[in-house]
Structure formats: structure tokens, C-alpha cells
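As recorded in TrEMBL:
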| type | residues | note |
| --- | --- | --- |
| TRANSMEM | 21-42 | transmembrane segment |
| DOMAIN | 21-306 | domain 'ABC transmembrane type-1' |
| TRANSMEM | 62-82 | transmembrane segment |
| TRANSMEM | 144-161 | transmembrane segment |
| TRANSMEM | 167-183 | transmembrane segment |
| TRANSMEM | 264-286 | transmembrane segment |
| DOMAIN | 338-572 | domain 'ABC transporter' |
Ligand SMILES: Nc1ncnc2c1ncn2[C@@H]1O[C@H](COP(=O)(O)OP(=O)(O)OP(=O)(O)O)[C@@H](O)[C@H]1O
């Protein structure tokens, strides 16, 4: 049973055990709700038995019934407490565990996985889905399983008591369940459809918000609204259709269940008239028939909710089964040379991005990746830090295969300065501190100074304590980049990955960043994505990447002599300047 719950509901072992406990307590609670009915019948049997089936005998006093009722009330109270504790407290604990485990999964996914589209989707899986699931687990699931077991127990007891009337009570249940079962396929399909539509809408909204500047500057607000409105209309239409059909099927099931009571009335009256059963038995079944269909309807309702749960659980399982990046957490390389040997890589199955890429970026040297746009420079740089795992070949750091090293451990050795700097709505100081969380204020100020941040920070209202807005919106591109360089300085990792995209900066800013960078890269393994040939002349080694393959490699002066791609790029750039 534990295994079944773990597999079906993507639960931890402890969570599955707690769910079993919640179900057992809910069964006990459901059965305990029959205590007053049983006591009532015993009372009726004793006091009115003579009238009903000529066998009553007054054994107990009314006071003893009051005492028994009080004791039963206390027992029911205790049972309800345990049911509450098992269904709510523990299931919510499992929910917390589930969220933590999803967050852990995210940590182990390749960095490249976190495209903008997926981030909206992932946060909705962690927050919204996990909340829905926790509600279903605390209410629906224990109630459903408990209702099934309770109804079976009561059914067996009623059949043993009188099979003809039990048949009159229960014939409707399999028929109603059959209608429900037949509708299950439809419900399940429409829930998957609705869920995916909803995910699509949140992606579109997220995308719209992310690109709000572009949308406004190109006057695309109306077109964008039309797209989102269209998606919302489609969702609404599908939702109404699904609700109508699901509602209709559920109501057919309810209507069938409602035939149960008239069946008992008719069959009971007939059996009493033929003297097959006593009026007392008839009464018992009438009371049972009046009470039993509500829990069955509830069970059917819960069953419908469970179908919805499955869609969400499947999404969680999908996340759980995504390929994770794992590896050794101890890593002491003998040096920091990065070596690519025959590396093949593709983002999508049908398109190879890198083909047989081999080169070495040596420690203490600057290796510049150059080549036409879209050739694969950024891809090579990111692969060296294991943002993705490669398809073929080997990438080593200090002779050790990086695919065997835990990505977080590996990244401790990298300082990365890319074009798209991410800043947080915190102070300048705290944004730089991201490079080394235990750094003292003095170290941070030193790194900021080296990265030429002092002059622009001085102009900010509270200096280094100024909050810089969502993703540093109050700063210019060059200022953001210098903060990113300060972070890298502070981290002082042995390998530097640098996207030297400073072409958009003015001359003063550019020279400041260049001097900051020259401080940063001293004595490190430096892999630089170079856009300007001027800066590349100082590199120790050039690797020209074109169409995903290495076209040329060597020292700048060697390549200039070859009159190949590199030399024509250098010439083209000088002609343009
Ligand atoms: N996340 C991604 N998913 C799918 N394809 C991608 C992804 N990132 C890059 N590509 C594709 O891989 C190829 C190489 O891209 P890459 O960014 O490595 O080139 P690049 O040489 O750095 O270009 P640029 O100089 O313009 O920055 C391109 O065809 C690009 O469209």
C-alpha cells in the first residue's frame, strides 16, 4: 500500500505512511458516526420492540442510555482529534517536504533549463499545484478511500442482516459508478486540456511582462492584449463545455443513486406485507437508505477531484523525472586547464549546434572565442561550466571529466561575467556580495573599487546602501556590468568566463571596464567571448568558431598571417572604425 501511494501520488515514504494513517483514522471516524444510530436502534429495539416485532425486553434504564451516549460522544471526539491530526497536520508536513524536494530537483537541473517560459511554469508547479495537492490530500483522498471502505463494511453487514433489502439499497451503486467510470476518460482529457491552456496563459502573461519595454516601444500593446484575450476566451469556452458535460454526467449518477430510497420503500413494504421481514428491520433499512447515499455522492465528488489531482501529480512526476545533473562534491583539480575533446552538442535533437569541437584553454592564459554571430561561442563558454551536458566527447577541468562533478561544486571555480547581468532589488553592496556571501564590507568595497564602481556609486543617494530597483533598473548598462565584474572580483575564482559585450558603451565607460577586466583576469584561466578584434590581439590564443565547428586556432599573430576568417574579421573591423 505504501509503495502504491508513493508511486501513484509521487509521495515520500513518510508521506505515504501518513496518508495510510489518515485513511485509517477517517474510516474509524466514519464508522464512529454510526455509533449514535446503533445506540438509537438498540434503544428502539428495547423500548418499542414489543410493538415492532414482539420481542422487546427492557433491560437497561434510560439513564444508562444517556451515560452510553455521553461516553460515545467522548470517544467520537477523541477519534475526530486523531483524524484531524493525521489528515491535516501530517499531510501539510508532506506538502512542505514536497515543495522542498521540488526545489531540490530544480537545483539539480541543468542551468540552461531555466528559460523564461519555464520559470513561470515552474513557480506555478511549486506554489499553485503543491497547494491544490495539499488540499486534496488533507480532504479528498482520505475521505474517498475511507468512504469506499466504510461503504463496503456497511454493505457486508447489511447483506448479512437481510440480503433482499440490502440489494434494494445497493443495486444503484454499481450503476451510478459505471456512469461515473465511463465519464472518467472524458473528464481526465478535459482536465489535461484545461490545465495546459492555463499554463499557456500564465506563460503568455509572463512573457508579456518580461517584454513590456519592447511591446510598448513597438506599439504592440493592443496586439498583445488581443492574443491574451483570445487565449482567455478559449479557456473560458473550454471550461464551460467541460463543466457542463462533467456536471451533466455527475447529475445522472446522483439521479441513479436517488432511485435507491424508493427501491427500499417498495421492496420493504412488499417484504413486510408477505411477513418475510419485521417492521423493525424495515425501519432499520429506511434509516440506512436515507443516510447512506450522501457519503456515496461525496465519494463520487471526491473521485472527480482525484482526476484533477492526477493531472497535477503527473506534472510533478514529469519534473521529478527530468534529467538531473549530479556528480562528486569533492573536487581538487591539479590545475585549471579546460580541455574540449571532440565535443558534440545540440539543444534540440534535430539540430547539431557543436560538431567535434576540440581545444584547450590553459591556466594563466587568455583564450578568446571569436567568429560569426550564432556560430556557437556562448554555447562553448557555457558548456565549459556544465550549464548543459554534452552529447559526445569530453570536457575536462584539470584533467577531470566535468560531467562527473556536481555542478554547484564545479561552479565554485568559475567567475562569470555575461552580457545579461541579473541584479536584485537590494543595495549595491548586497548585489556585489552575491559573489561571496561571507565577504566583509571592506572586501566588497575593495572589489567595487577595482571594478571601477566608485564614481557612479558615489552619485547614488545612499551610496553603496542604495536600493537599485528590480533587476537594477535604476542603473545604466555599463554600471550594471561593472557590478557584475565586482562580483566576479570578490569571488576571485580561478576560471573566468567573460562575454566581452561592451561595444554599446561609450569610450570612457569602455576603458574603465577594460581596466577592471585586466585586474580580474590576472593569472586565471580566461575564456573570453570576444566581439572586438582590438581586444583580442592581447589574447594568448584565438579559437575561431564557425557553424558549430572550430575553423581556426592559434596565437593572434599566427592567425593574422593565415589570411583566413580571423584576419578578415580583423580587417573588416578596422575598416569600419
Ligand atoms: N537555449 C537555446 N536553445 C536552443 N538553441 C539555442 C539556444 N542558445 C543558442 N541556441 C542556438 O545555438 C546556436 C549557437 O548560439 P550561440 O549563442 O552559442 O552563438 P554565438 O556565437 O555566441 O552568437 P553571438 O555572437 O550572436 O552571441 C545558434 O544557432 C542559436 O540559435
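Cβ atoms here come from the backbone N, Cα and C positions, even for glycine.
Each residue in the domain 'ABC transporter' (338-572) has a pLDDT score, and their mean in this model is 86. Stretch with the most C-beta contacts under 8 angstroms to the transmembrane segment (144-161), considering only 21-42, 62-82, 264-286: 21-42.
For the transmembrane segment (21-42), the list of distant contacts is 65, 68-69, 72, 75-76, 79-80, 82-83, 86-87, 90-91, 138, 141-143, 145-147, 149-150, 153-154, 284, 287, 291, 295: same-chain residues at least six beyond its ends, Cβ to Cβ under 8 Å. For the transmembrane segment (62-82), the residues of the chain that approach it from at least six positions outside its boundaries are 25, 28-29, 32-33, 35-36, 39, 43, judged by C-beta separation under 8 angstroms.
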